[in-house]
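Below is one structure, written out as structure tokens; comments come after it.
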Amino acid sequence: DQPNQKLSLEGNECIKANALSCGECIQVGAKCGWCTDTFLKQGEPTSARCDELESLRKRGCATAKIENPHGSQRILKNKAVTNRKKGAEKLRPEDITQIQPQKLSLNLRSGEPQNIKLKFKRAEDYPIDLYYLMDLSYSMKDDLENVKNLGTSLMKEMSKITSDFRIGFGSFVEKTVMPYISTTPAKLLNPCTGDQNCTSPFSYKNVLKLTSNGEQFNSLVGKQQISGNLDSPEGGFDAIMQVAVCGEHIGWRNVTRLMVFSTDAGFHFAGDGKLGGIVLPNDGKCHLENNMYTMSHYYDYPSIAHLVQKLSENNIQTIFAVTEEFQPVYKELKNLIPKSAVGTLSANSSNVINLIVDAYNSLSSEVILENSKLPEGVTITYQSRCKNGVVNEGENGRKCSNISIGDEVSFNINITAQGCPKQVKPESIKIKPLGFTEEVEILLNFICECECHKHGIKNSDMCHNGNGTFECGACRCNKGRVGRQCECRKDEVSTEDLDKNCRKDNGTDICSNNGECVCGTCECKKRDNPEERYSGKFCECDNFNCDRSNNKLCGGHGRCECRVCICDANYTGSACDCSLDASTCLASNKQICNGRGICECGTCRCTDPKFQGPTCEICPTCPGVCTEHKSCVQCRAFGTGEKKDTCERDCSYFNLIKVKDRDKLPQPVQAFPLMHCKERDANDCWFYYTYAVNNTEKEVHVVEALASYDPFNDVCLVFGLALLLIWKLLMIIHDRREFAKFEKEKMNAKWDTGENPIYKSAVTTVINPKYEGK
């Protein structure tokens, strides 16, 4: 039963589902089908129509009557990726395409994955927007001097990468409440000590909207002044949130968006606002008025997860330009923010241009796909095919690295639905490469009903006076009705009168303990193995409790019906294990069992005990056996004899076993006949062997050493026999002479009657001396 059990565990979800309609059945899994044919046996419930496809066919359902819808896909927008060189005709950002296709529609069948292929190609001369967000606390004073000329220098350097580059500038310090800054009137005007002239503290200021004018950048940044605060961590997260969500104020386009975050300190994050009495979580919305963040005193700092969400939503790639001291902190932050990079800023920001270029090259050489939230029951898997034939799967299947401009990579994406959503309506998901504004929209439609559902007949007479809808070959009962034809109300299903109809021969077991009584009719249980079924009016029959042979039901030569084997042609017996075909009993002389046995179930039973083998042709102890096998034993054991040249061809019919001497040869046993042989070869040497048939295996044991022929042994034997005969003859003559002498003495013997001189009488007489004779 083990193979059948394995099968049931692997693919029996259809049976276990107890689906009462075609729609329920196809939602179980891609292996399940629904038979609309009238093929159910007595006792089988409506849910037995739902089964694996192959099982339905074996049970007699016509292929054309099996409902098994499949998913499909359709490409709605398929604009080719842009293939242009730098210096060619300038295109608008919205006319540049880096991912293909752009929109698809999928029809999803439960459990059946739909595979889509996306193509991504880095376009050359792709526009870039870069926003420089700088910490203007007092410790960054020397850095500000170097950044004042950044506009034209960065423009020049970035022109090597793209002809369409824009730059903007913003600054941040800290929340304008205690204890982050000093709120005394004098410190609010000038937070710096001594004769340092600093500007009033602020949270975030958008100094320059994105522009392609580098001179304007230099001019405006040159007018900026350092400010100050009390604590070491800065309020940079407030500024990052506003840069991400205030797209109109910043001037972001749908192109590559870079934000450079430059600081020499750590950062505050969600929860730190409580120090200043600020408890409201950051709302993630834009609060810029006159390019100043006005709600820093009202909303707490954003959390890292909140920043990740907003940066991803707005396709912003972050470059952290921080001093050596804070590298470890920002590298950990980089691991939490996708499509971000960390560069080491020199003490006075003199290397910022090289840092930005290197970070951009690093970010743009990697593409990572992400998807929007998936509907309930929908899963997605990725496989990437990158440069040089590199294939990644799992989480790594979302990305490709080391991509140069002009390189093309592809992604295989499988989208699978399990079941149908509670509200059956079209859904959509979006897939996009992180840091890019382009995205792929995928419309999802769920296959939740069969095609035959459309042709259902409501309140059909076939469903007990209109108590259900007849669809897909079965009744789908109205609410409160049960039974194959919806003939019962739910509240009368288990009444005692109805249960009587489910007992065989007025017994106590309802449906033979193999089913349930529904509306006075037995509905048989289902087995885990889809090949095994109960049936019959009282579920008294099954197709798996028949006799077995060789661990096969009905010997593999019949089918089990109601616990009795129905054998195939030419087979008989309770387990169909007796073959009526006598061809396997024919001997080489075309006689059944060589005329020395009886053919029973395709096998010979030899009636002559001397014969054995599958056709009673082998006789190990018959005369001539030794001579018959002599040549083959010679060539196999000693490489001599008449068949030494054809030995391999003619003499491979037995197993040869060599022994050292004659004592090691096997002796006859009752288990199988054995013949001892002694043969002489052409050199008058003797060799000894035994021939036996053990079951069907022919075995020859042979003494590995030849025995030489010695004529002296024969002379000694003859001489010994002669001496024995002479001795015997002499003994006969001697005996005869002694017997004759005895007879003669017997005849001459004479007997004397005189008294024996040495005889003494046994009587002694004694006289009493005192006796007086009185």
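Positions of Cβ are set from backbone N, Cα and C atoms, glycine also.
Here TrEMBL flags CYS22-CYS32, CYS386-CYS400, CYS420-CYS677, CYS472-CYS511, CYS488-CYS502, CYS524-CYS539, CYS541-CYS546, CYS567-CYS576, CYS578-CYS585, CYS601-CYS647, CYS619-CYS622, CYS651-CYS685 (among others) as disulfide bond. Per TrEMBL, domain 'Integrin beta subunit VWA' is recorded for 21-450. Per TrEMBL, the feature domain 'Integrin beta subunit tail' maps to 626-713. Per TrEMBL, domain 'Integrin beta subunit cytoplasmic' is recorded for 728-774.
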Which listed residue (CYS578, CYS685) has most other Cβ within 10 Å, given these are disulfide-bonded residues: CYS578
Residue among disulfide-bonded residues CYS32, CYS539, CYS601 with least C-beta crowding, 10 angstrom cut-off: CYS601
Cα-to-Cα gap, CYS32 (disulfide bond) vs CYS524 (disulfide bond), nearest whole Å: 20
When distances run from the Cα of CYS524 (disulfide bond) to each of the disulfide-bonded residues CYS511, CYS541, CYS601, the nearest one: CYS511
Local Cβ density at CYS647 (disulfide bond) - other Cβ atoms counted within 10 Å: 18
Nearest-integer angstrom distance between the alpha carbons (Cα) of CYS541 (disulfide bond) and CYS578 (disulfide bond): 24
Greatest C-beta neighbour count within 10 angstroms, which of the disulfide-bonded residues CYS511, CYS546, CYS619, CYS622: CYS511
PLDDT averaged over the residues of the domain 'Integrin beta subunit tail' (626-713): 82
Separation of alpha carbons, CYS511 (disulfide bond) and CYS539 (disulfide bond) (Å): 5
Residue among disulfide-bonded residues CYS386, CYS488, CYS685 with Cα closest to the Cα of CYS578 (disulfide bond): CYS488
CYS619 (disulfide bond) versus CYS420 (disulfide bond) - Cα distance in angstrom: 74
Spatially closest candidate among CYS502, CYS511, CYS567, CYS622, the listed disulfide-bonded residues, to CYS386 (disulfide bond) (Cα to Cα): CYS567
All-chain count of other Cβ atoms within 10 Å of CYS400 (disulfide bond): 24
